[in-house]
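The structure appears right after this line, and notes come after that.
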Amino acid sequence: MTGGKWQDRVKSVEQRASSFQSSPLSCPYKPRLSQPWQPSSIWRLFPRQNAAIAFAQHIKQDVHIFSLEKEGSDAGQRIFLVTSYSELWHYYSTHRHSLMHCYEVILEGAVCKLYFDLEFHKASNKNLDGKMMVAKLIQYVCEKLEEVYGLHCSAKDVLDLDSSTSDKFSHHLIFMLPNAAFKDNSHVGRFIHDILHPALTNLKKSNPEAPGENRDDVEGTQAKRRKTEENDLGFLTVKNEKGQEQLFVDLGVYTKNRNFRLYKSSKLGKNAAFIVAEDNKFVPNPSKQITKDERIFLASLITNVSFTGQRILTYDMTQKSTAGSECPTLERESHSSDLLGDQKTSPFKEVDEFVLTLVCKDGIQGSIRRWNYFACEQLLVYDIEKFRWCHNVKRFHKSNNIIIVVDLKEEVWYQKCHDPECRRQNYRSSSFPLPQEVCMSHLLMEDEEDQAYLTDELGNIELAVTAPAESTSTTPSEDTEGWGDWPDDPAYLRALQEVEEEEEDEDEEVPDELLLQAVNECE
């Protein structure tokens with residue numbers, strides 16, 4: 001081989017190496033699940049929460065949003081993961097190092113479970129019995145659920161998770177309400193705020209700077225009842241590290257798109273992960289395909305609520321100003337309709353407008369009475385009023401309203417009904433396609449920054465390796481232009497194998513002298 005040919009070969013190899021760097025032959029790592037009942041693989045990482053939410057809401061697969069704190073990153077900096085419950089658990093239980101600081105994103109407007117975040121500083125509260133406080137709180141909340149909603153529950157319906165350390169008592173409580181769930185976590189927050197108002201009032205008296213509301217004094221039996229509850233809820237008052245009094249219950253975990261730490265996860269820089277508490281009485285339903293540990297994990301997820309026609313609980317307080325103070329007055333539904341909620345627009349304004357076109361026609365001005373968003377299944381359920389056309393009976397119902405269900409994943413809508421006979425039949429109309437301008441896939445726009453993170457085969461989360469700016473701006477060479485992702489041609493593979501076998505048979509070696517000469521010429 002001459003020196004010129006050697007230089008040509010070196011140049012060819014360098015060109016191929018550059019081409020492979022900019023267009024790798026291997027695809028990015030995609031996790032795979034082996035069981036037939038498990039969903040197809042979706043594992044996407046985003047640097048921004050809104051990008052993750054947009055992606056999750058715009059694809060058909062059954063996915064959910066989680067946030068991750070990465071070792072070595074700045075405090076408060078999080079990466080957002082979009083995947084299915086099954087896939088997260090599969091890698092969550094095997095790649096503990098990269099997924100050990102994981103949080104569920106409780107989406108704004110999503111139907112959810114009743115939940116609590118409880119904690120106190122042990123050194124400042126040496127006389128307190130945390131287990132007793134948890135038991136008394138569960139009993140009190142169960143009493144209020146029966147009083148307000150007529151729901152019967154007990155400690156057996158409450159998953160109790162513990163991440164306490166020698167310094168801090170820390171528990172999460174997740175209520176599995178029988179055939180019921182809350183409209184979203186803002187309604188959960190209002191319900192908890194109101195039932196704990198006696199404790200807040202008591203705290204306000206001893207600590208004027210403590211958070212709470214001022215209410216007008218109520219005369220008669222109601223005032224006495226409030227006074228009794230203030231005394232009964234005295235166990236909820238704890239002291240922080242500075243000795244200041246505060247509530248045992250964290251009232252700040254009911255904000256929109258709240259990140260709530262997962263079962264078996266710890267905070268960044270900490271080692272105390274949530275485990276099942278010693279006093280936990282909740283036992284998940286058995287399943288042949290799912291282990292007990294995974295069933296606990298699924299039960300712990302706040303928005304893991306499927307649309308089954310269960311009661312959707314709301315809790316609204318109308319603000320009234322009296323002598324400069326706010327007087328929240330409870331407004332709750334007196335009936336047990338399956339579809340309760342706010343009359344404001346849903347998180348999907350375009351879908352709301354489309355549904356209105358379905359019920360405002362033929363001279364009838366229908367309207368959306370209520371809506372509920374089931375994030376677990378990507379379903380928007382609209383309770384319609386004034387428009388009663390039913391596809392089942394092919395006419396307008398005389399007194400019963402209809403339900404419009406929009407499936408954001410499948411990009412279809414269908415009709416259900418409040419009519420007793422239609423409900424007995426469990427009637428559901430045929431599915432009708434959503435207009436393209438309403439479909440989430442049509443609205444999805446991704447940018448390069450959304451591809452900033454990848455997961456390797458060991459579960460490590462790293463920044464994606466991007467090609468240099470020069471390679472992205474240059475025109476593809478004639479040799480590589482038109483390369484695609486299709487499989488290699490079988491005839492090409494056979495020919496390549498024959499050439500390689502011929503080269504092995506010839507067993508020709510380049511003399512050392514010629515190699516040294518080529519190297520010297522290159523230098």
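Placement of Cβ uses the backbone N, Cα and C atoms for every residue, glycine included.
Feature list (source: Swiss-Prot):
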BINDING   Arg78, Asp117, Leu118, Glu119, Lys168, Phe169, Ser170, His171, His172, Arg258, Asn259, Phe260, Arg261, Lys267  substrate binding site
BINDING   Asp117, Glu119  Mn(2+) binding site
COMPBIAS  467-477  compositional bias 'Low complexity'
COMPBIAS  478-488  compositional bias 'Acidic residues'
COMPBIAS  498-512  compositional bias 'Acidic residues'
REGION    203-230  region 'Disordered'
REGION    467-523  region 'Disordered'
MOTIF     390-423  motif 'Zinc knuckle motif'
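Structure coloured by features recorded in Swiss-Prot.
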{"residue": "Arg78", "record": "substrate binding site", "contacts (Cβ under 8 Å, 6+ apart)": "Gln49, Ser67, Leu68, Glu69, Lys70, Tyr103, Asn259"}
{"residue": "Asp117", "record": "Mn(2+) binding site", "contacts (Cβ under 8 Å, 6+ apart)": "His172, Val249, Asp250, Val253, Phe260"}
{"residue": "Leu118", "record": "substrate binding site", "contacts (Cβ under 8 Å, 6+ apart)": "Met133, Val134, Leu137, Phe169, Ser170, His171, His172, Leu173, Phe248, Val249, Asp250"}
{"residue": "Glu119", "record": "Mn(2+) binding site", "contacts (Cβ under 8 Å, 6+ apart)": "Lys168, Phe169, Ser170, His171, Phe248, Asp250"}
{"residue": "Arg261", "record": "substrate binding site", "contacts (Cβ under 8 Å, 6+ apart)": "Cys102, Tyr103, Glu104, Ser163, His172, Lys267, Phe274"}
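Of all the binding-site residues listed (Lys168, His172), His172 sits in the most crowded Cβ setting, with the most other Cβ atoms within 10 Å. Counting residues per DSSP class in helix, strand and coil order gives 4 helix, 15 strand, 15 coil for the motif 'Zinc knuckle motif' (390-423). In this entry, Arg78, Asp117, Leu118, Glu119, Lys168, Phe169, Ser170, His171, His172, Arg258, Asn259, Phe260, Arg261, Lys267 make up the residues listed for substrate, with the farthest two CA atoms of the set 25 Å from each other. Cβ contacts within 10 Å of Asn259 (substrate binding site), excluding its own Cβ and spanning all protein chains shown: 19.
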